[in-house]
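As recorded in TrEMBL, the features of this protein are as follows:
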type     : residues                 : note
BINDING  : A:8, A:39, A:40, A:183   : Fe cation 1 binding site
BINDING  : A:39, A:67, A:156, A:181 : Fe cation 2 binding site
ACT_SITE : A:68                     : active site, proton donor
Ligand SMILES: [Fe+2]
Ligand SMILES: [Fe+2]
Ligand SMILES: [Fe+2]
Ligand SMILES: [Fe+2]
Ligand SMILES: [Fe+2]
Ligand SMILES: [Fe+2]
Ligand SMILES: [Fe+2]
Ligand SMILES: [Fe+2]
């Protein structure tokens, strides 16, 4: 069974490059399950219902997010669906370790056409990030509810240490632990000894002639002066970054992980 | 002209794997200039004079460091040498944007046997790190003093945004901007349009069956309980991570950058 | 009913000044319930069993702490007692919003000689502090278990905003919300409209000719150089800082709060 | 000679309470020099030219600010005046340890009607705040340019340790070191042994039925959910917080410091 996870789509450049490459990647690798992080899909900051629809139309089974999830408020209502729903609003996740009173859910369990059950979890790190619940205990709690064998975690976090630690913590218990948030792909993809595919960061799907998606000049101005200024999504040099995981659908054990970076 | 930059050596496992691979890498790629980050060489925390000597004996022209530079106090005296010296104590750098009253220097300019001048700069980031001087203005100040054309910067920083921004800021002004500190290599190595080789993080040279160098169980205990506990360097699965830069010795302009990860 | 809360005892200077003033303060104000924060009682960093005993011997019903609780490891065993115990090891608290697997407890409910029930809760803030559970939800959980009317909270936190917010959140639900951790007393003590006594920070009981307890020269060296160096407790100008709360024992409603600072 | 320093004016409630009390305070204490922190004067976030004019009209010689200085962009132009100017745009300060290319200045030296020279400096802390230059070295640099004996520093900082350390660092070198930014007055005002008046935080001049100025419900919503939401200035229970310093105009040495909190 093949799983494709696409890293944070950033702005229109990110949406275009993913739309361009996804069809042939899905076919080439015979992808069964598609998960896409969309936290920056709307101009770099958040995601709207119509952009979420656009990403689902590309074939995504689940959209994961991260700290930018609430940047566009239209998404609040879209995510207010019953826990046992399977509609699209239920399949866009916010980090599971946010306060339980926030809209939406942090994990989803579904079924592929062939009957294979799968689960996707989304967590946020705590090192160098705003306060949220303990991702280690939260993941234990989620796993106690999940019956699927094929399980993917998007750990949206800043610090390499926290993401790597979660990878080891979950080795043998989930199919893949994939990091997002730094917007730069790491070259450490591997299958850990217990059968969990791991990559510290999948990297963004967006414009790489930028500072992690934002127009370079705007970010440099901020660094050089400390003064405020609007951040805008860059356009140049778009690339789609993704991780392809091969696993045993019966056990959820990963066999291989492949890093993908596709440009124009 | 070929430059090899080796990422943070972590503990004895890191020293061993570098000692094992360096000779053939230096020969294979006909390396002219060798720079090694050694901030974690002594058991994962700092560097001692004897370990610095060991690294210089491997052929390093310059040793760079980062936030762990002061972990072993024996290094203070070793680094107290005159600014115009060329001895080894002058060629181990601490970040240049530390307070000027701290021991040692943050850049070094030297000459290869064939007369080619080169300079190495070391800076620390400010995002999610302890307070230090502005790396952007500091690098301008350093460049105004440097006469060499071949210039390498080790930017020791946590946030991808800060490292990427420095890369663009220096594009066309230096030969290479190479990130360190996260201990995970990134897959975004490239030559920027102005001729500066860039990689967000070169990754550590150390044990990858670990949490960024430290024994996994010890780090998990910290994450799971928040309680103190001694951190010890791991041993398993050592890899040497490095970046190889080809450049024009006359102009300092980079032609190519190659990511290297070598294990047992 | 009168409650005295003594702010973070810092080192031997703090222990001495508290020992000197406590007897007459307890008598003058006819204190019924005495709570002391002892997180810095052992040389400024943590607390040992013998120092805890010393503080209990002064008459403390409960010792609260904060982020320094684990600095001295001897305290781990001392705090490993059954939840329903009333011995001293049960009456030294760590923040309740630490992971449940850490030693000790974060609240205590007891009875005064006259049969009045009281409860003491200890929480840690999350703004500018290391990760812990949400203090707002945790306090709701604790309150749901507490039957006493007289309830005191030591909120150990850095940011004024977080402490003030907790004060308003709990107004009318507890007798007093008292901040600790900055080691400087604030002049904003008041009874909130709902009957909860509040002070953003009670201040430390320790040497005020210092930088929040530590020898001034050592801290200045750290600020001026960024280099490591051992921190030692200062001795000069000790003061005991405390808050005295008058409340109705039957309802737990506070009538008055008085800020106390007593020197040599 | 008497100096009055008024803490961060917060929103319209802060402006009103200061306008109400200032005339009689200035008269009662025969204030010679008036300095007001205005970083939150415009609805809690920044300051506009017209509000700056309003504060100068109240008699302020100098307006200091802090991290909120750039919240209202109209102030940029207002502050672009020559260094040797004495007009109002020159007498509103931003922290001196911001990058030199930002608008405005971080210190001002002027003369009172009787010919007494005075200087006001404004610095920002680095602990738990965004990156800026070293306040310790910056203050040394500023002092080397100042010829006045009467010198006041507004140190706008979060951490009590950093403000207290600066107080000791400058003891005997300036007339007063007064902290701002936490919006809660501290009860540790004193004249240090060398003759420098010190208070860790003067507190805000604004609505105290709030969370450090902002409507309580809005802040609680943020703490409880982590979700975004507009912050608005509260109105209830306004108080003017200030520090009154008596000093020798000839030597600049402080004799006394008095904490002031005046409500409706
Ligand atoms: Fe992102
Ligand atoms: Fe993110
Ligand atoms: Fe390192
Ligand atoms: Fe480092
Ligand atoms: Fe403390
Ligand atoms: Fe503390
Ligand atoms: Fe303020
Ligand atoms: Fe501020």
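Glycine residues also receive a Cβ, built from the backbone N, Cα and C atoms like all the rest.
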If we take A:39, A:40, A:67, A:68, A:156, A:181 as the recorded positions, which have a Cβ under 8 Å from chain B?
none
Which of the recorded positions A:67, A:68, A:156 has its Cα closest in space to the Cα of residue A:183 (Fe cation 1 binding site)?
A:156
To test your reading of the Fe cation 1 site: which residues beyond A:8, A:39, A:40, A:183, same chain only, put their Cβ within 8 Å of the Cβ centroid of those residues?
A:7, A:9, A:10, A:37, A:38, A:41, A:44, A:66, A:68, A:180, A:181, A:204, A:206, A:213
I need the least crowded one of these recorded positions (A:68, A:181, A:183), counting other C-beta atoms within 10 angstroms of each C-beta.
A:68
What same-chain residues, at least 6 away in sequence, bring their CB to under 8 Å of the CB of residue A:8 (Fe cation 1 binding site)?
A:14, A:37, A:38, A:39, A:40, A:66, A:180, A:181, A:183, A:204, A:205, A:206, A:213
Determine, to the nearest whole angstrom, how far the Cα atom of residue A:68 (active site, proton donor) is from the Cα atom of residue A:156 (Fe cation 2 binding site).
11
Residues close to Fe cation 2 site centre defined by A:39, A:67, A:156, A:181, Cβ within 8 Å:
A:8, A:37, A:65, A:66, A:68, A:69, A:95, A:124, A:157, A:180
Just name the most isolated of the binding-site residues A:40, A:67, going by other Cβ atoms within 10 Å of its Cβ.
A:67
Same chain, 6+ residues apart, C-beta under 8 Å of the C-beta of residue A:156 (Fe cation 2 binding site), given in sequence order:
A:37, A:39, A:64, A:65, A:66, A:67, A:95, A:122, A:123, A:124, A:125, A:179, A:180, A:181
Relative to ligand 1, which of the binding-site residues A:8, A:39, A:40, A:67, A:156 have a Cβ found under 6 Å from one of its atoms?
A:8, A:39, A:40
For residue A:40 (Fe cation 1 binding site), what is the secondary structure state per DSSP, taken as helix, strand or coil?
strand
Around the Cβ of residue A:39 (Fe cation 1 binding site), the count of other Cβ atoms that are within 10 Å:
29
